[in-house]
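Scroll down for the structure; my scribbles are underneath it.
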Amino acid sequence: MSILKIHAREIFDSRGNPTVEVDLFTSKGLFRAAVPSGASTGIYEALELRDNDKTRYMGKGVSKAVEHINKTIAPALVSKKLNVTEQEKIDKLMIEMDGTENKSKFGANAILGVSLAVCKAGAVEKGVPLYRHIADLAGNSEVILPVPAFNVINGGSHAGNKLAMQEFMILPVGAANFREAMRIGAEVYHNLKNVIKEKYGKDATNVGDEGGFAPNILENKEGLELLKTAIGKAGYTDKVVIGMDVAASEFFRSGKYDLDFKSPDDPSRYISPDQLADLYKSFIKDYPVVSIEDPFDQDDWGAWQKFTASAGIQVVGDDLTVTNPKRIAKAVNEKSCNCLLLKVNQIGSVTESLQACKLAQANGWGVMVSHRSGETEDTFIADLVVGLCTGQIKTGAPCRSERLAKYNQLLRIEEELGSKAKFAGRNFRNPLAK
């Protein structure tokens, strides 16, 4: 069934900033998709087109991206009468029309909005759930429910505290199914709230952009200690492990790292990549840390390689790889990390996201699907993670509706699959392993 009409508009993300929403119409109905937006963005990401008109939304309007859809992309796609199930053809057409390496003409936010809506329409056209359509597009015969990685303590660019490292996550790998993983996550979260309240006072339990707590602590180890305590109080020491997103590019300073980067600058306190690696190794030794994302700057390739070779845990590339097949190929070649963070808006189309995922999986990497800090109520990534069988997703704490929207969709998918539902559990790094 071909596209009858496409209409884009400006809506608001979870931070009150404008973002792109796309309505796509076929004879089967209306299909709507909204595009997320990141705060700590890698310099190699596809371009998110903003208006830069300082008199409107502090320059963050997306009316240009919306106009590119309504005036250029929509007429082209409608006139070509392509079937909505032809995801790759439609994505390629938009990418060719844009003609730039990083989608800077139309904006990745314009192309992605249409791409997501096409994917949703394609599923209905085929009469299958969205996760099944995505599995088909990726060539997967089975589907898998992921382990959720709940970001329960926020620091870095996501929070107004002193904490340098951006996310401290809990992964309920010992759960029997996704529903139990949600219950464990929620119970640990509420225990953590009480632990923080007792130690730092009630105002320390205000939440950050992704629903995690942002107590005013400086020591990253204290974040891990709080998690360990909360996991123990909830009674899940044997079922929950810890993940971190350091987002080290945010505090990389001329070859070194500043773990107090939110204070006035003082080069005497900077530490070397080796010192930072030793700090991570002490965390791994003292706490159940099984995954560290962006431990070093996006161009500090040597430090990545050295750490991945010796750490013995999952090392996730986000700013390093930016869901870009060229960066992933380089990281595979240099053995820089062993897991890809998959963010659809870093690359800007469904087809390229699938290619990035397949490339990582083909090289023995894990893949973690991810939200952005500026989110919407759109639940596409919940179906994406199931269809791609990546086994792990991070989409915030069990708090704030734009985060829960994804987790709740995963609950529905598990329920729909019934006895056929398979949960990644402790195999979250390689859930397809037989």
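The chain as shown is numbered from 1 upward.
Quick reminder: no glycine exception, Cβ is built from N, Cα and C everywhere.
Contacts of Ser2 (N-acetylserine) defined by a Cβ separation under 8 A and a same-chain sequence distance of 6+ are given as Thr26, Val78, Lys81, Leu82, Asn83, Val84, in order along the sequence. Taken from Swiss-Prot, the feature N-acetylserine applies to Ser2.
Here Swiss-Prot flags 31-38 as region 'Epitope recognized by CAR and healthy patient antibodies'. If one looks beyond the region 'Epitope recognized by CAR and healthy patient antibodies' (31-38) by at least 6 residues along the same chain, the residues whose Cβ comes under 8 Å of a Cβ in the stretch are 11, 13, 15, 17, 19-25, 45, 48, 109, 112-114, 116-121, 124, 343-346, 371-378, 380.
Under the heading Mg(2+) 1 binding site, Swiss-Prot lists Ser40.
Lys60 (N6-acetyllysine) falls within neither a helix nor a strand when secondary structure is assigned with DSSP, and so counts as coil. Note on Lys60 (N6-acetyllysine): other Cβ atoms within 10 Å of its Cβ, all shown chains, come to 20. Annotation comment: Swiss-Prot describes Lys60 (among others) as N6-acetyllysine, evidence class similarity to another entry.
Look at Swiss-Prot and you will find Lys60 (among others) tagged as N6-succinyllysine, backed by similarity to another entry.
Proximity of Lys64 (N6-acetyllysine) to non-local residues of its own chain (separation of 6 or more, Cβ distance below 8 Å) is seen for Leu49, Arg50, Asp51, Gly107, given in sequence order. According to Swiss-Prot, the N6-acetyllysine annotation covers Lys64 (among others), on the basis of a large-scale study or a structure entry.
The feature N6-acetyllysine is assigned by Swiss-Prot to Lys126 (among others), with a large-scale study or a structure entry given as support. Shown in sequence order, Thr85, His133, Asp136 are the residues of the chain, 6+ apart in sequence, with a C-beta less than 8 angstroms from the C-beta of Lys126 (N6-acetyllysine). Lys126 (N6-acetyllysine) carries a helical DSSP state (H, G or I).
What Swiss-Prot lists as substrate binding site is His158, Glu167, Glu293, Asp318, Ser370, His371, Arg372, Ser373, Lys394. A strand conformation is recorded for Glu293 (substrate binding site) in the three-state DSSP classification.
Annotation source Swiss-Prot lists active site, proton donor at Glu210. Around the Cβ of Glu210 (active site, proton donor), 30 further Cβ atoms fall within 10 Å across all displayed protein chains. Glu210 (active site, proton donor) carries neither a helix nor a strand DSSP state and counts as coil.
For Lys233 (N6-malonyllysine), the same-chain residues 6+ apart in sequence whose C-beta sits under 8 angstroms from its C-beta are Asn191, Asn194, Val195. Feature annotation from Swiss-Prot assigns N6-malonyllysine to Lys233 (among others); the stated evidence is experimental evidence.
A coil conformation is recorded for Ser254 (phosphoserine) in the three-state DSSP classification, outside any helix or strand. Around the Cβ of Ser254 (phosphoserine), 7 further Cβ atoms fall within 10 Å across all displayed protein chains. Taken from Swiss-Prot, the feature phosphoserine covers Ser254 (among others), and the record attributes it to a large-scale study or a structure entry.
What Swiss-Prot lists as phosphoserine is Ser263 (among others), and the listing cites a large-scale study or a structure entry. Ser263 (phosphoserine) has a Cβ environment of 10 other Cβ atoms inside 10 Å.
Here Swiss-Prot flags Lys281 (among others) as N6-(2-hydroxyisobutyryl)lysine, drawing on experimental evidence. The Cβ of Lys281 (N6-(2-hydroxyisobutyryl)lysine) has Ser310, Ala311 as same-chain neighbours under 8 Å, each 6 or more residues away in sequence.
Residues or ranges marked as N6-acetyllysine by Swiss-Prot: Lys281 (among others).
Of all Cβ atoms in the protein chains displayed, 24 besides its own lie within 10 Å of the Cβ of Ser291 (phosphoserine). Under the heading phosphoserine, Swiss-Prot lists Ser291 (among others).
In the three-state DSSP reading, Lys420 (N6-acetyllysine) counts as helix. Swiss-Prot lists Lys420 (among others) with the feature N6-acetyllysine.
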Assigned element (helix, strand, coil) containing Ser370 (substrate binding site), judged by DSSP: strand
Long-range Cβ environment of Glu293 (substrate binding site), under 8 Å and at least 6 residues apart: Glu167, Gly243, Met244, Asp245, Val246, Ala247, Val315, Val316, Gly317, Asp318, Leu341, Met368
Inter-residue Cα distance where the pair is Ser370 (substrate binding site) and Ser291 (phosphoserine), in Å: 14
Listed recorded positions among His158, Ser263, Ser370 whose Cα sits within 10 Å of Glu210 (active site, proton donor): His158
Per DSSP, three-state class assigned to Ser263 (phosphoserine): coil
